[in-house]
Every structure is written in C-alpha cells, then in structure tokens.
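Q: Sharing the record's features from TrEMBL:
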type	residues	note
DOMAIN	71-193	domain 'Type II secretion system protein GspF'
DOMAIN	274-396	domain 'Type II secretion system protein GspF'
TRANSMEM	172-192	transmembrane segment
TRANSMEM	222-239	transmembrane segment
TRANSMEM	373-398	transmembrane segment
Amino acid sequence: MPIFEYKGLSRDGKNVKGVVDAENLRAARTKLKKDNIFVVDIRDKKKVDPKKKSGARSSAKVGVKELALMTRQLATLIKANIPLVDALTAVSEQVENAALSEAIADCKNMVNEGSPFHKALAKYPNIFTNIYISMVEAGEMSGSLDVILMRLAEFTEAQADLRAKVSSAMTYPIIMMVVTLGLLGFLFVFLIPKMVTVFESAPNLQLPWYTVTLIDASQFVVNYWYLLVGSALILYLLFKNWKSTPAGRNQWDAISLKLPIVGPTVRMVAVSRFTRTLATLLTGGVPMLAALDIVRNVVNNHVLAQAIDEARSNISEGESIAGPLKKSGQFPPIVIHMVNIGEKTGELENMLSQVSDAYDFQVKTKLEGLTSLMGPVVIVMMGFAIGMIVVAVMVPMFEMANIAG
C-alpha cells in the first residue's frame, strides 16, 4: 500500500506532519480529515523527494510583471464565469515562466482535490507574498475572487512601476561613479608612474607639494592596491554584518530617514507602499489588524514597521488608526489628516488610495529631480578630480620647459 507524507494543521491550529498509508491520494486525504487534520501538503513518498521539491520552489524566480500579467489573465477568466480549476489550467499553459507555470499547475491540482486556492498558493512563498495570499483568501470568503484578483494585478503593477522608478533613478549616478573611479584608477596606475620617470630625468626640477602628494598617492595605489581592496571588502562585510543584526538594522533605518535629500525620498517610498498596500488589503475585505500585520513587512524600514506595530497594538485596544499613527511621529501630517477624514466619512480605503497616488507622483518627481541633480554633481566632481591631476602634472612640465629653455 502506498505511503504518503503530509503536512497539515490540527484542530487547534498547530502544524503537524507525518506519514499515512492509503490506497490513493484521495483516500489519504479522507483518512486525515477523519483525524481532524487539515491537509496543507501531501505527496507520495516514493515518487517525490519533498526536500528537493521545496528547494526548487525556494530558488524559483518570477518577475513582478509576469505575476501581474498572470493575475490579470486569471481574473478575466473567472469574471467570464469559467470555473477556477479550468481557469488555472488555461493560465498555467499560457504562462511562459516555467517556475510560475509549474506553481499554477500544482495549485490547480490541489484545488481540484478540494484545497482552498489561498492554501495552495501558500506552498509557494517565494512567488506569492503574504499580501497576495491574504487577498485571495478574502476574495474566496466574499465570493468576489475575480474583483480581488484584478485589484491584485493593479497593485502588483503599481509596485513594479515604483520599484522601476527607484532603480532607474539610481542607475545613472552609479554608472558615472564607476566610470570616474575607473578613470582615476587608470591615471594613478598607468599615467602618473610614467610621468614620474619624465620628472626624474630633470634633476634640478622642484616639484610642487600637490604633485609630490599625487605621486605618493599613485605609488601607494600601485604598491599596496591589495590593502585598499582588502580594506574596502572588510569594511563592506563588517557593515553588512552589522546591518543584519536587529540593532544595526534599526540604527541604519533610522539614519536613512534622517539623511539630507535621500531621507525624505526614502520616507516617501515607504509611505506610498504603506498606503497603497493597506488600501488594497482593506478594499479586499482583509480586517484592519490582519492588514497592518502584513503591511509592516512592506515598508522595508524597521523604524516605520515598529510605528505600525505600536499603532496595531493601540487599535486592538479600541483606538482609531489616525491617532496611533500621529503619535508615532513617523508619518507626514497630510497622511494623518487624510486617514482621519477617511475614518470619519467611512471612505478610508479611498483616502488611502488618494494618498498613495499623490505620493507616487511625488516620488516620481523627487527621483527625477535627484537624477537630474546627481548627473551634473558627479560630472563636476569627476572634472574637478581630473583637473587637479592635470594641473599637478602640467605645472612641472612647464617648469621643465623653462629649465630647458
């Protein structure tokens, strides 16, 4: 008789796992159901190595735009009254990404065997986020899965656009800095050592202090480059290790919010994510406390996450959301004001969406301004550095010409 390995939840909500022998998969599920175990995952032990399968899922990469497109296609099919299993079959065959196609096909099999759709999605945490799963669960419970999926698609696309704006704004300055460092490295390693040979051919030449300093720096780079590279690597690893600790992450997140120019932009991005995600979850029927528990992981800043945790705690004791957010001191006054109006008028989701739209526009404008500012700044810095090197090299050359003349 086949043996099946299973993972599930007991009646009191605890995680359980084990093996069960049964004639087939359906019989195994029935047997576990009689034992009051809700099956989350069950597989034939001989046919599947769960560890390998899990590893494949954990390393699966699915683009945000691919996920958004799949979600929109699924919403369209369900809205056309196509059964969920058939819709999942069609989408799994349509999706080009192999990992996503495999995940959808597996979810289809689980749904066909009686598992809720959101439980099937939960098997793939690297593809479907907690927000996604919670929204689908709310859609299943309310009977409006097609509407929820369409909102999820719009939300996913908006998040992808925001991420693309941030990445695009950072690309040009980074490229300019890399080019600058590469050019300076070339001058220090190849050009300046050759000029030293030229200067040494004129024994009566008195080099100015800035030329001597430049030559010393060049010789240090040539002779001890491994110390520079090693020191930079060690500092990076120390910083990364410090940032990975709870205390380090909290301190770094606090610093990032206070940095000039960059800090306000970081806060804008976090507030945009907070308001849009919360609006999406509340519109989908997710309870406020559960929504805040999910949203805290979206802002990507421990300081703001702690403020959300405190707000959640106060809300659970009967307070409104505007008061605790204001008390935290981490959210802009306009956000508090709009949330307060939304609570009083019963239009909280709409107000949050408006705030998110406004902040998305501000983020776009701010990033475009930073990009247009960073370009000239980097060019000026590069020109200044190269200009100083040219002066340090050319002044002795003119002196040599005068001596020779």
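Backbone N, Cα and C atoms are what each Cβ position is placed from, and that goes for glycine too.
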Q: How does the model score the domain 'Type II secretion system protein GspF' (274-396) in terms of mean pLDDT?
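A: Value for the domain 'Type II secretion system protein GspF' (274-396), mean pLDDT as a whole number: 86.
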Q: Do any residues of this chain, six or more beyond the ends of the transmembrane segment (222-239), have a C-beta under 8 angstroms from a C-beta of it, and if so which?
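A: For the transmembrane segment (222-239), the sequence-distant neighbours (Cβ-Cβ under 8 Å, at least 6 residues beyond its ends) are 188-189, 193.
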Q: Over the span of the domain 'Type II secretion system protein GspF' (71-193), count residues by DSSP class, listing helix, strand and coil in order.
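A: Residue counts in helix, strand and coil order: 102 helix, 0 strand, 21 coil.
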Q: How does the domain 'Type II secretion system protein GspF' (274-396) divide up by DSSP, counting helix, then strand, then coil residues?
A: 102 helix, 0 strand, 21 coil
